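Participant: After the structure tokens below, expect a handful of questions from me.
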Amino acid sequence: MKHHKLLHLLLASLLASIRPCIGSDGDNLYDVCPSDDAASQKMFFNGYPCKAPSDVAASDFKSSLLGSAGDTDNFYRSSVTMATAAEFPGLNTLGLSAARTDMDVDGMVLPHAHPRASEMMFVRAGVVAAGFVDSANQVFQKRLGEGEVFVFPKGLLHFCFNAGFEPATIFSVLNSQNPGIASVSGAMFGGKGMMEKLKAVSMEDLNGVSSMELFGE
């Protein structure tokens with residue numbers, strides 16, 4: 001009888017340890033992933049297929065994509081360069097990607113969201129104002145100097161702009177190899193008009209301010 005009780009206890013412990021592994025799916029790396037009922041020969045991976053171990057080289061884990069400033073000669077006077085698993089093979093399956101943002105004086109990155117990743121940004125040079133809007137439509141914004149860090153929670157609308165008098169450079173790390181981007185059209189917020197609104201409050205701490213007060217008419 002004691003042996004049966006011990007066996008039941010071991011089985012219960014084993015099931016309890018397995019359940020967290022099978023109880024939930026991993027985050028999808030694509031927006032949608034319907035099953036293929038046609039049983040065709042084509043295969044669609046949630047990520048990228050791996051190299052054969054014998055073909056893996058140190059060069060797979062090095063990238064120079066973020067080494068040079070992007071072209072800021074555009075209306076928003078900014079440039080964002082992404083390094084995801086699509087461009088940087090070593091990131092595949094690691095759940096990471098990186099980005100470089102360059103902003104000229106008066107430059108900005110329009111509000112957007114990453115549906116599959118949180119983002120941590122590090123100000124390498126210049127002065128930057130960065131913020132996000134939560135699900136209650138409250139704006140959280142701070143002014144950042146060189147060496148300071150700010151976090152954008154997963155899926156929330158966020159933005160940044162140059163709040164100083166010299167070019168600014170930001171490096172970011174995101175916790176997905178394919179974070180995705182949901183961009184808010186400049187036309188929706190009035191394009192240039194929204195830029196002026198953001199700059200007008202660049203010296204203020206907007207914690208708790210309604211997004212309607214900032215973006216609404």
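Including glycine, each Cβ sits where the backbone N, Cα and C put it.
These numbers come from a predicted model, not from an experiment.
For 1-23, the entry in TrEMBL reads signal peptide. The disulfide bond annotation in TrEMBL covers Cys33-Cys50. Sequence annotations record features per position, and here TrEMBL assigns Mn(2+) binding site to His112, His114, Glu119, His158. Sequence annotations record features per position, and here TrEMBL assigns oxalate binding site to His114, Glu119.
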Participant: If you take the centroid of the Cβ atoms of His112, His114, Glu119, His158, the listed Mn(2+) site, which other residues of that chain have their Cβ within 8 Å of it?
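Facilitator: Going along the sequence, the neighbours come out as Ala113, Ala117, Phe132, Phe152, Leu156, Leu157, Leu174, Pro179, Ile181.
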Participant: Of all the binding-site residues given, His112, His114, His158, which has the fewest Cβ neighbours within 10 Å once its own Cβ is left out?
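Facilitator: Counting other Cβ atoms within 10 Å of each of the binding-site residues His112, His114, His158 gives the minimum at His112.
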Participant: Just checking, which of Cys50, Glu119 (recorded positions) has the fewest C-beta atoms within 10 Å of its C-beta?
Facilitator: Cys50
